[in-house]
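Undergrad: Next up is a structure, given as structure tokens.
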Amino acid sequence: MSKYSRRDILLLIGISMITMSVISFEMLLTRLFSTILAYHFAFLVTSLAILGSGIGGMIAYKKENISSIFTNYSIILPFSYLFIILMIYLRPFLDNLTYYSVLATMPFLIAGMIISTIFKKNAHISNRIYFADLIGSALGSLAILLLLNHKGFIYSLFGIAFVGALGSLALVDSRKKQRKFVLALPIILLGIILYQGTVMKQIETNFLAYDTSPYTLMGALRDSKQPVKSTDFIGWNAMARTDVIETQDPNEKIIISDGGASAPMIKFSGDLDEIEYLKDEVGFIPFAFGNNESSLIIGSGGGRDIVFALLGGVDKIDAVEINPLTIKAADKYKDFNGGIYDMPGVELFIEDGRSFIEKTTEKYDNIYLSLVMSNAVEHSALAMSEGYVFTQEALEKYLDLLTDNGKLSFVMHSSTDLFRGLNTAIQGLINRGVDKDKVLDYFAIINSMSLEDSQKRGTSIHKPVLIVKKSPFTEAEYQELWKVINEQERQTIHVKPSTILKDYVDFSEGKLDFNELINGTPLNLKPITDQNPFFYNFTPGGSNTLKVLIFVSLLALLGIFKTTKKVETKRSSLYFTLLGIAFMLVEIPLIQKIVLFVGNPTQAFSYVLFILLVSSGLGSLFNKLTIWNKYSKNKYLPLLFSGLLLFGQSMAIRSVIPMFMGANIGTKLILMILIISPLGFFMGMPFARGIWLLGEYERENDIPLMWGVNGIASVLGSTLALMLSMEWGFYTSEILAGAIYIILFVVEFIKREETVAL
């Protein structure tokens, strides 16, 4: 390996800092859109924006004077982060996805132009550049996590702009001292702003887009003419923006995460008599009958569910809440809520609910989950998010943790998630040996709608309570349950002897099999598993949002192939397209599976990305070893190894990871490194080798185009991975990725220029 010149060192440092800032900006943008848009819109807008990276590569491909890209666009990039985010943050919400998509695309477009040009001008050291690219991205995936958790949103924004500006300074030609001086001044200014902090605090409190968005709970409350008042609690971390608001109800304050998930705090002094009125809430019913000595509450939020448990006479309460800021908010208002988490018998665990149940050995009379996935005003927007607390495996684990006569209770949103939950529970009970003719004896379902309202509006299911017993309901339990139902005057959906579930009765009597039962509706209400944990994916055939992204990505790629005339350029484009698709078909399901292992979606994203990118970066450094072409000049072994190791990794995750679900985070990280790194090492080689071959074949002019198609294909691959996982489970994506790597091994795509037609 040749020595590094001063220019090479500055180039590698510069590209590392640029890519570090770009990946951080991507995560920051996702966090921003998650607060002002519904989940599926946030995913759509962010994905369309990332397409800009590929478009930037194509612009660089067409541009004659590429030196201007270094001198001009590298200076513009870091300040585009500030301009774009603040343009969205400080202005009233615009109900125009095109506006947000175009605006958010600009930094990615500029970054794509810069990075593809660097590869073009330095193809001979493409492995080193790719290493620097991936290492920078890996560091960025962790850095933004730390910044958001410890410094908040606006500080993170200025921080990544500062890093990007330093990277730009490293890229500017050392002979152009005037440009370096011009860039140094705003860097100094950014440093002063970061050190001083006052300006950023003022900006952070003026989130006008959030305050005026119709997709937030506050927006919905305002639309319904309810008076809403924000308090002085505002917090950001890598998981969510968290606020506390007051409504017209003086007995309640609401903790809000990302504008949608609401966690009420109840006015409480510790005297249960003053909150007796809460016994009329439908959410209290699971605590009003049967044994209630111990309870596990998952998603305890602002503490209302803990209050229900206290009213039900529960002595031991384990409360699990994933968001530390929610607990911080509850602690700030302990004078209002009575210090609910400090009550005798209450023990708090700040972690994911599924992770907690996988490692606890306690037994509970009641496990209670209330609107755990309420992360948007319209919960259908969550179709693409994982719901591991609702899977068949989770349900069976809940039942294992119950006492012999214990009960598992869910407060749902509507009929769709109720029947998805019911179907999943039925499948779980049957797997445990319960006969289908007895299975309905294990359930009770109560509608939140009163009898009076149901007579006026008909059978409309709203916030129903689903209760699943470990053993069949007894007559005494039914009597207790009917007593509280009658006191609350609630409509029942299924509490024996009353039921409106005719199809489920037919199933229990053998008139329908299970497939006929769950397929007897136009919605997708199949039971979900850890391999397909998309609880809110009710649309058969996949999300329309994903279909739009696939269409746009394919259209862009087909346009490139159509306008490309040279045969060799088309073949090379296909190589980099397939590489981009395959890489994301591996990355996305891997992140989704590690969410279950780690317990935190944001941490899973950062950990997987860091390990995968670092190992891929290391692999890129060794892409030219002759051993990789030992058996055939045209057969590149790392492609074959990537395909084969992918299947090995999938088996390891299925067999090894479940044994370490209860391990500490250090052990889990070591295990993730051991499982992910070998595959990442070989996956990092083919891209760098492809760029190097283009340089060897004197086809440097094609490099920006290859960067562009690879970027567009990455968006296509991530979208395709999500759609395949939602429809057929994670393994489908992995099988397709493995097949692509093996095809790339077998077929030679990158050749010297010839005149033969395709």
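Every residue, even glycine, has its Cβ placed from backbone N, Cα and C.
Below are the features listed in TrEMBL for this protein:
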type	residues	note
TRANSMEM	36-61	transmembrane segment
TRANSMEM	73-91	transmembrane segment
TRANSMEM	97-118	transmembrane segment
TRANSMEM	130-148	transmembrane segment
TRANSMEM	154-172	transmembrane segment
TRANSMEM	181-198	transmembrane segment
TRANSMEM	544-561	transmembrane segment
TRANSMEM	573-592	transmembrane segment
TRANSMEM	604-625	transmembrane segment
TRANSMEM	637-657	transmembrane segment
TRANSMEM	704-724	transmembrane segment
TRANSMEM	730-750	transmembrane segment
Undergrad: State the non-local partners of the transmembrane segment (181-198) in its own chain: residues 6+ outside its ends, Cβ under 8 Å from one of its Cβ atoms.
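TA: Same-chain contacts beyond the ends: 75, 79, 155, 158-159, 161-162, 165-166, 168-169, 172.
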Undergrad: Under 8 Å between C-beta atoms and at least six residues away from its ends: which parts of the chain pack against the transmembrane segment (36-61)?
TA: 22, 26, 29-30, 69, 88, 93, 97, 100-101, 104-117, 120, 209-210, 213, 215-216, 259, 375-378, 381-385, 543, 545, 548-549, 552-553, 556, 560, 701-702, 704-715, 718-719
Undergrad: Of the stretches 130-148, 154-172, 573-592, 637-657, 704-724, which racks up the most C-beta pairs under 8 Å with the transmembrane segment (73-91)?
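TA: Between the stretches 130-148, 154-172, 573-592, 637-657, 704-724, 154-172 has the largest tally.
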Undergrad: When you look at the transmembrane segment (130-148) alongside the transmembrane segment (573-592), do they share 3+ Cβ pairs under 8 Å, ignoring any pair fewer than 6 residues apart in sequence?
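TA: Since fewer than 3 Cβ pairs under 8 Å link them, the transmembrane segment (573-592) and the transmembrane segment (130-148) do not come into contact.
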Undergrad: Can you tell me which of 97-118, 544-561, 637-657, 730-750 gets the most C-beta pairs within less than 8 Å of the transmembrane segment (704-724)?
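TA: Answer, by Cβ pair count: 544-561.
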Undergrad: Report, as numbers and ranges, every residue of the chain located at least six residues beyond the transmembrane segment (730-750) whose Cβ falls under 8 Å of a Cβ in that stretch; write 'none' if there are none.
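TA: Hits for the transmembrane segment (730-750): 531-532, 568, 571-572, 574-575, 578-579, 581-583, 585-586, 588-589, 592-593, 634-637, 639-640, 642-644, 646-647, 650, 686, 690, 693-694, 697, 720-721, 724.
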Undergrad: Should anything in the same chain at least six residues away from the transmembrane segment (130-148) have a Cβ under 8 Å from its Cβ atoms, list it; otherwise answer none.
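TA: For the transmembrane segment (130-148), the nonlocal Cβ contacts are 11-13, 15-24, 27-28, 31, 115, 119, 155-156, 159-160, 163, 236-238, 602-603, 605-606, 609-610, 613-614, 616-618, 620-621, 684, 687-688, 691.
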